[in-house]
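Per Swiss-Prot, the features are as follows:
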{"type": "BINDING", "residues": "VAL23, ASP24, PHE25, ASN26, GLN39, ARG40, SER63, HIS64, GLY66, ARG67, LEU122, ARG123, HIS170, ARG171", "note": "(2R)-3-phosphoglycerate binding site"}
{"type": "BINDING", "residues": "GLY214, GLY238, PHE343", "note": "ADP binding site"}
{"type": "BINDING", "residues": "GLY214, ASP219, GLY238, GLY338, PHE343", "note": "CDP binding site"}
{"type": "BINDING", "residues": "ALA215, ASP219, ASP375", "note": "Mg(2+) binding site"}
{"type": "BINDING", "residues": "ALA215, LYS216, LYS220, GLY239, GLY313, GLU344", "note": "AMP binding site"}
{"type": "BINDING", "residues": "ALA215, LYS220, GLY239, GLY313, GLU344, ASP375, THR376", "note": "ATP binding site"}
Amino acid sequence: MSLSNKLPVTDVDLKGKRVLIRVDFNVPLDENKNVTNPQRIVGALPTIKYAIDNGAKAVVLMSHLGRPDGKVNPKYSLKPVVPVLEKLLGKSVTFAEDCVGPQTEETVNKASDGQVILLENLRFHAEEEGSSKDAEGKKVKADKADVDAFRKGLTALGDVYVNDAFGTAHRAHSSMVGVDLPQKAAGFLVKKELEYFAKALESPARPFLAILGGAKVSDKIQLIDNLLPKVNSLIITGGMAFTFKKTLENVKIGNSLFDEAGSKIVGEIVEKAKKYNVEIVLPVDYVTADKFSADATVGAATDATGIPDGYMGLDVGPESVKLYQKTIAEAKTILWNGPPGVFELKPFASATEATLDAAVKAAESGSIVIIGGGDTATVAAKYKVEDKISHVSTGGGASLELLEGKELPGVAALSSK
């Protein structure tokens, strides 16, 4: 699956067309149904505005919100998004009480002059995800004929399909892969994701560094496997570094995370790194704690001293940070997935802050820095540096699967240029 040859929305004539856009409006709501963080709505604005400005007859937005499990549940209605979207767009938005059916088709077909229509939650229908849950919480597969009918129902609402929901691109859901229109284009968000991941995975400026954190080696094995033939260096940090240190160098790790299953593959990873001439950088010192808490007794340890029993490593220490800074400064492409420490707790956030500073410096001096979703994206948001990094991915699971070398159904379904 080539990432760089997908049809962008800018190559499609939208004049007079009904433009059906899959957005990601899966936003958090408080108990009064107010949107508490509109970031995902803001993210979709460039694509929505582009369709309006380029003469679309109707701009039809479809999304999921939460996990209603294939049944109508007012708690997960997309209606609270309407006032937020109206304010951001500066124009009225029509809400359709269902995402398919004759009434919805009538609303869409009557629209003119770029009228924006937001459809109700796709996941109120079991046919979106392909299954629902019964009263006992067991999965019930949706009937194939019903799924086909639902997909036809969505297809009937547009002349052109645009996907701007990268966060759901790894799911083969009906709204991602089942809309059967001649032109299926990438919106601006998806286009940016694909461009940056193509830069890293298909034609990186070298040296190419990957920084991988996370708890378990076994969770990241596919990722490491797919990246080793592509990168020049690899920083292994976070909880999974302890499995490497104990297995390779017999460092005493106290009560730190140890991944028994992962430890069996550490040797293979090191051999493969040698084969591809990849330098693996591991931490050499640690910030320790007697419990997983902000008010823990904090200590320091090195490889030589080891971490004493009763203590665990929750961050890497200043010497490790220096190693990371040097490696980051030498790289031209940096892909970062997983923080070095438990940044949510203040005493164990300093290596994450220092790594982030180094990444920002690298981006400012012209390197391409990509943050791959999930916890690391949370870090970038927490320290308000998203605009200082070349690209912060919006899709945790989707970016991880892409980096693991998997094909994303939502991307594969798009037309080629």
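Glycine is no exception: its Cβ is also placed from the backbone N, Cα and C atoms.
Shown here: features listed in Swiss-Prot, placed on the structure.
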{"residue": "GLN39", "record": "(2R)-3-phosphoglycerate binding site", "DSSP (3 states)": "helix"}
{"residue": "GLY66", "record": "(2R)-3-phosphoglycerate binding site", "DSSP (3 states)": "coil"}
{"residue": "GLY214", "record": "ADP binding site", "DSSP (3 states)": "coil"}
{"residue": "ASP219", "record": "CDP binding site", "DSSP (3 states)": "helix"}
{"residue": "GLY239", "record": "AMP binding site", "DSSP (3 states)": "coil"}
{"residue": "GLY338", "record": "CDP binding site", "DSSP (3 states)": "coil"}
{"residue": "PHE343", "record": "ADP binding site", "DSSP (3 states)": "coil"}
{"residue": "THR376", "record": "ATP binding site", "DSSP (3 states)": "helix"}
Cβ neighbour count (within 10 Å, all chains shown) around ASP375 (Mg(2+) binding site): 18
Let me know the largest Cα to Cα distance in Å among the ADP-binding residues GLY214, GLY238, PHE343, as an integer. 12
Residue among binding-site residues HIS170, LYS216, LYS220 with least C-beta crowding, 10 angstrom cut-off: LYS216
For LYS216 (AMP binding site), which of these binding-site residues sit within 10 Å, Cα to Cα: VAL23, PHE25, SER63, LEU122, ASP375? none
Just to confirm: which same-chain residues, 6+ apart in sequence, have a Cβ under 8 Å from the Cβ of VAL23 ((2R)-3-phosphoglycerate binding site)? ARG40, ALA44, THR47, ILE48, LEU61, MET62, SER63, ASP164, ALA165, GLY187
Restricting to the binding-site residues GLY214, PHE343, ASP375, which ones have a CA within 10 Å of the CA of LYS220 (AMP binding site)? GLY214
Nearest by Cα to ASP219 (CDP binding site), of the binding-site residues GLN39, GLY66, GLY239, GLY313, is GLY239
Rounded to a whole angstrom, what is the C-alpha distance between ASP375 (Mg(2+) binding site) and PHE343 (ADP binding site)? 9
Restricting to the binding-site residues PHE25, GLY239, GLY313, GLY338, GLU344, which ones have a CA within 10 Å of the CA of GLY214 (ADP binding site)? GLY239, GLY338
At 10 angstroms around each C-beta, which of the binding-site residues GLN39, SER63, THR376 has the fewest other C-beta atoms nearby? GLN39
Compile a sequence-ordered list of residues in the same chain as GLY313 (AMP binding site), six or more apart from it, whose Cβ lies below 8 A from its Cβ; state 'none' when nothing qualifies. PHE242, ILE253, GLY254, SER256, TYR286, VAL287, THR288, ALA301, ILE307
Across all the protein chains here, work out how many other Cβ atoms are within 10 Å of the Cβ of PHE343 (ADP binding site). 24
Using a 10 Å radius around each Cβ and counting other Cβ atoms from all shown chains, which of the binding-site residues LEU122, ALA215 yields the largest count? LEU122
